[in-house]
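Novice: Questions regarding the structure given below will be posed in turn.
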Amino acid sequence: MVSSRLVFLVSICILLSQAIAQPDFLYSCLGKGNYTSNSTYNTNLKQVFSSLSSNTEIDYGFYNISYGKSPDEVYSLGLCRGDAKPDICRSCLNNTTNLLPQRCPNQKEAIGWSDYCMLRYSFRDIFGIKEINPPVYNCSGNNISANYDQFSQDLRTLLDSQRGRAAAGGSLRKFAAGNATATNNRTLYSLVQCTPDLSDQDCSDCLFGAMEDIRNHCAGKQRGRIVKPSCNLRFDVALFYDATADNASNNTPAAKGKESIKSQTVIIVVPIISFVVLSIISFCIYLRVRKPREKPQSESADEIRSVESLQLGFGTLKVATDDFSDANKLGQGGFGVVYKGKLSDGQVIAVKRLSKNSSQGDLEFKNEVLLVAKLQHRNLVRLLGFCLEGIERLLIYEFVPNGSLDNIIFDPIKSVLLDWARRYKIIGGIARGLLYLHEDSQFRIIHRDLKPSNILLDFEMNPKISDFGMARLFELDQTKGNTGRIVGTYGYMSPEYAMHGQFSVKSDVYSFGVLVLEIISGRKNSSFRNGENIEDLLSYVWKNWKQGIVSNLVDPTLKVGSTIEIMRCIQIGLLCVQENVAHRPTMASVVLMLNSYSSTLSIPSKPAFFMNSDTESNICLQWEHDSRVTESNQSKSSSVQASINEVSITELSPR
């Protein structure tokens, strides 16, 4: 009898310990439809879960994948808590892929939240879309009886600061955690997180709604957790996250109870630092409030003249280019002619002479001088100097001997100079150059006119990105903008930029994707005849890639090359030209994909400007490589003026 009771008590203890050790698993089955065990959807779902479980490249804790074809295509998204180590992240996702189908058997859409991760799958596209339903609430702990209003205010202040930090976290991670001292010297801990495929605004809005839910569902509780498909938050009076993780300690106040000498030092130093910081902030605000557009025209010239070490005389350049003779003409862009020149010391240079009748020449000149002079990277054309003399404005670049990529890649004879190894090196070099512009340079730059004619090749066929006349300067915390003046080249413009003037680093990613597909295929990104049908490059690549046909996509001059490597680059190119901005990878992700064969590539969706048949080609504009949009009025949804070979046409904007 005693032994039976002992066995019973031991069993109860084991069950209790398992229950305590098992983290809370919250889930919702959504009820959007069912699938059968022998269906294609179930097979695709298992494949998605298998990919998630076997993936080892989830250091940032975010992973999305789609598999199959409509109507049985499965979309899945996994997100680990921002402070979770990679091994904990993988373990959590593995466990959740087992738990969720058990809790929601045969459901075509479901979502589950474990302590360290979230897993979601659906029959519909869920990437980059803010979704706040269904919300799940888990609130516990003793009620806050004393100073409840102050506790709520302290919590809201803490969460609000974290909301802003998380929303600005970028495309790899939108997470923030920290603590603050609440009532009765009690420390309050919290964290917030969004899926990083959300925009900054969508993340902020989602977390704001979750904060409002605290008042309705967790009022008076010491701890709470509110989870939604696109964001989640958690708070507690006990530490529950890894305080050593990035951002975890950003909001941590200074520790108390230090030695008296340290306290006195803090008392003296803090006011001084505060005064300096406030002074700097005030000065920055003053600079921001000033209206730079109201500066007189002569002030812009004075600003440029301050870069004295870069300035050359017009006479010097006139001699160097043999009076700008046609024999030295290298090419002509949208704002002037480029000449080859030779300085008195023997140095060979490229001189860009802006057109005097260009209404945008002054602005482009100012952009290039102030921006390009600060850029130093092996895959960027180096600015050597400039000339500002009367109405003459010129830029002096390093001379790149093999000319532009378009003169080689699209030439049936010269293209044999670029075997697959060189083309792959060119793709990688362009990617690294763009990554430098977007993330690693002193200023964040969006090129906005990336195309083969703006890729120059040196003696060893290393690529160098040129022509930053279109580039838009960003402060370090900016990644996007909106312009009423669209500049660039049709065929390489992302849809959101060409139609609405909205641009971001993802606009350059789109142009890069087009460039990659051109380098692989040797075809220009314009309509061409394929048998009896009219095709455009993106549609042609998409159709053949979906059918698994590589031979049709690869330049016939490429007789030797890694088929797997080529297919991988085609898939990367298609990922970059997806219509949904949020689905396109960042250049950091692209560089990782090119350098690491172990990283799993997502399945791309149909590219923008997809041409379904030859009948649609009748209403498609055949975009030429030298076409530039020169003017656009976004306030009037009327038309976009374009100049194609000096012949004016008007492209009506879609309603």
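Every residue gets a Cβ built from N, Cα and C, even glycine.
TrEMBL: automatically predicted annotations, no manual curation.
Pulled from TrEMBL, these are the listed features:
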- K352: ATP binding site (BINDING)
- 23-126: domain 'Gnk2-homologous' (DOMAIN)
- 132-240: domain 'Gnk2-homologous' (DOMAIN)
- 324-598: domain 'Protein kinase' (DOMAIN)
- 1-21: signal peptide (SIGNAL)
- 266-287: transmembrane segment (TRANSMEM)
Novice: Going by DSSP, how much of the domain 'Gnk2-homologous' (132-240) is helix, how much is strand and how much is coil, in residues?
Specialist: 41 helix, 37 strand, 31 coil
Novice: Report, as a single number, how many Cβ atoms besides its own are within 10 Å of the Cβ of K352 (ATP binding site).
Specialist: 26
Novice: DSSP says what for the domain 'Gnk2-homologous' (23-126): how many helix, strand, coil residues?
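Specialist: Computed counts for the domain 'Gnk2-homologous' (23-126) are 33 helix, 28 strand, 43 coil.
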